[in-house]
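Enquirer: Residues or ranges marked as substrate binding site in Swiss-Prot: R56, G274, D275, T307. Annotation source Swiss-Prot lists K(+) binding site at N58, S60, D90, T91, citing similarity to another entry. According to Swiss-Prot, the ATP binding site annotation covers N58, F59, S60, H61, R97, K185, on the basis of similarity to another entry. According to Swiss-Prot, the feature Mg(2+) binding site maps to E251, D275, an assignment based on similarity to another entry. Annotated site 'Transition state stabilizer' per Swiss-Prot: K249, in sequence order.
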Amino acid sequence: MIHHLKRTKIIATCGPALTKKLWTLAMLDDPAYAAMKAEAYANIENIIKNGVTVIRLNFSHGNHEEQAVRIKIVRDVAKKLNLPVSIMLDTNGPEIRVFETAPEGLKILKDSEVVINTTTKEVAKNNQFSVSDASGTYNMVNDVKVGQKILVDDGKLSLVVKRIDTKNNQVICVAQNDHTIFTKKRLNLPNADYSIPFLSAKDLRDIDFGLTHQIDYIAASFVNTTENIKQLRDYLASKNAKHVKLIAKIESNHALNNIDGIIKASDGIMVARGDLGLEIPYYKVPYWQRYMIKACRFFNKRVITATQMLDSLEKNIQPTRAEVTDVYFAVDRGNDATMLSGETANGAFPLNAVYVMKMIDKQSETFFDYQYNLNYYMANSKARHSEFWKQVVLPLAQKTAPKRKLINSDFKYDFVVHATNNLNEIYALSNARLAAAVIILTNDPQVYTGHGVDYGIFPYLIDQKPQSLSKAEFKSLANVAIKHYQQHGEISQLKQCLGVFHNKIISL
């Protein structure tokens with residue numbers, strides 16, 4: 001057992017694998033579904049205890065009532081455990097999907113001609129299928145060219161455009177391989193300048209639903225420009241929801257051309273490697289993943305690595321060694337959070353997937369180069385000019401960093417406690433990658449649940465305003481919070497702990 005509270009956060013996508021086939025709120029109160037309800041609650045409790053701090057709801061699938069069921073279960077369990085859990089709404093966004101196929105799908109053979117209907121909506125048959133998008137107004141005919149590739153189902157089917165029939169709104173292609181496609185599978189048009197609207201009416205309805213359920217994050221699909229972020233921020237401002245944090249999903253070459261601006265305009269970045277790896281050459285994805293992690297650290301923003309991290313665990317118990325290495329080095333490079341998608345949404349072993357990711361994350365943290373972090377990231381971070389950084393963050397990083405020759409040794413501190421509602425202070429403590437977990441004492445419910453993505457940050461809800469605490473009150477509450485997270489982190493022997501009181505570092 002590695003005895004420290006895991007500081008890298010885990011985002012788990014919630015779907016039927018976790019909350020079973022509970023589709024309506026009424027089902028939660030129906031005795032006929034009592035066993036299913038008990039299993040769903042037990043699953044969510046298991047993953048939260050194993051380090052999940054964010055539940056992601058993918059609004060490309062399911063309706064509002066299904067998502068309301070999941071939110072209720074998560075909130076009930078989080079309250080029972082007295083742990084903060086963030087809710088992330090992942091927008092449908094400007095994506096193109098197969099409209100509808102028969103249950104057995106549509107089998108496409110290599111070298112066959114395939115017709116894509118871009119405006120009519122018909123069930124797929126005879127090598128023809130229709131496409132749809134959330135806006136309902138998009139016409140793919142306007143975005144493709146003869147000779148261009150169209151990738152379907154995460155690239156499992158490759159089509160090449162043979163001709164374009166603008167009169168009948170059809171794209172005629174030649175299949176490059178055999179594959180069976182199914183309803184709602186994604187289409188990608190590599191290097192296309194998509195004319196599809198960034199925010200559809202469906203996206204806005206989904207966001208409105210999320211706001212009524214007090215979501216903490218919006219993961220915005222296919223952000224390509226800073227204007228996309230501004231559009232979303234303006235909408236949130238109009239709904240009195242500026243506190244909701246925006247995570248820009250980077251999924252296209254267009255976005256990479258504007259990446260620094262997008263990072264600065266957003267609250268964080270999701271390296272969405274699935275679609276990104278279809279929109280750009282796959283061998284460039286690791287470079288851009290590394291670049292985005294470094295840039296987010298520099299600009300004091302959050303960064304999430306996502307997609308196929310433990311993909312084999314959808315069907316298997318053991319991860320591949322390549323997957324283990326992938327997760328390990330995402331943490332080692334400075335990620336805030338690692339994400340599970342299909343593994344927990346639809347996989348056969350969702351609880352195991354979370355446990356595996358937890359153990360890899362914790363192992364990587366023991367080898368994290370805290371001295372390099374001090375000498376490079378902290379010396380160059382945009383946050384370094386603040387007084388709080390100079391008086392508190394840098395001294396804490398220096399004090400808690402373990403001695404290192406080849407590997408880390410001499411971890412002396414388990415926790416740092418700070419009482420604050422100041423987001424800039426919380427972000428600075430997270431970005432510093434301290435060699436100790438940071439407990440934030442807060443009386444603000446939005447601060448309490450709003451930091452599930454932030455590396456090393458563990459809020460604890462108190463009644464008093466942080467700035468009103470006396471030193472004795474601060475120490476008393478800090479020790480209560482430490483005991484709470486010591487138990488959650490399965491830390492049998494507590495090491496030293498530090499506090500930040502009126503910007504001075506004190507022993508606890």
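Quick reminder: no glycine exception, Cβ is built from N, Cα and C everywhere.
Values in this document were obtained by computation on a predicted structure and should not be read as measured data.
For the listed features, I'd like the structural context: burial, neighbours, distances.
Expert: Non-local neighbourhood of G274 (substrate binding site): D154, E251, A306, T307, Q308, each in the same chain, at least six residues away, with C-beta under 8 Å from its C-beta. In the three-state DSSP reading, G274 (substrate binding site) counts as helix.
Under the three-state DSSP scheme, D90 (K(+) binding site) falls in the strand class.
Cβ environment of S60 (K(+) binding site): D90, N92, G93, E95, R97, K184, S221 lie under 8 Å away, each six or more residues apart in the same chain.
Around D275 (substrate binding site), a 10 Å sphere centred on its CB holds 22 further CB atoms from the protein chains shown.
Spatially close to K249 (site 'Transition state stabilizer') yet at least six residues away along the chain are D90, G93, A219, A220, S221, F222, V223, M270, A272, judged by Cβ distances under 8 angstroms.
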Enquirer: Taking the recorded substrate site as R56, G274, D275, T307, identify the other residues of that chain whose CB atom sits within 8 Å of the mean position of the site's CB atoms, giving them in sequence order.
Expert: K249, E251, M270, A272, R273, A306, Q308, M339, S341
Enquirer: Going along the chain, which residues six or more apart from H61 (ATP binding site) have their CB under 8 A from its CB?
Expert: G15, K184
Enquirer: For substrate, with binders R56, G274, D275, T307, what's the maximum Cα separation in whole Å?
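Expert: Roughly 18 Å, rounded to the nearest whole number.
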Enquirer: Please report the Cα separation of D275 (substrate binding site) and T91 (K(+) binding site) in Å, rounded to an integer.
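Expert: D275 (substrate binding site) and T91 (K(+) binding site) have their Cα atoms 14 Å apart.
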Enquirer: Counting across all protein chains shown, how many other Cβ atoms sit within 10 Å of the Cβ of D90 (K(+) binding site)?
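Expert: So the number of other Cβ atoms within 10 Å of D90 (K(+) binding site) is 25.
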Enquirer: For a quick check of packing: other C-beta atoms within 10 Å of the C-beta of F59 (ATP binding site), how many?
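Expert: That number is 24.
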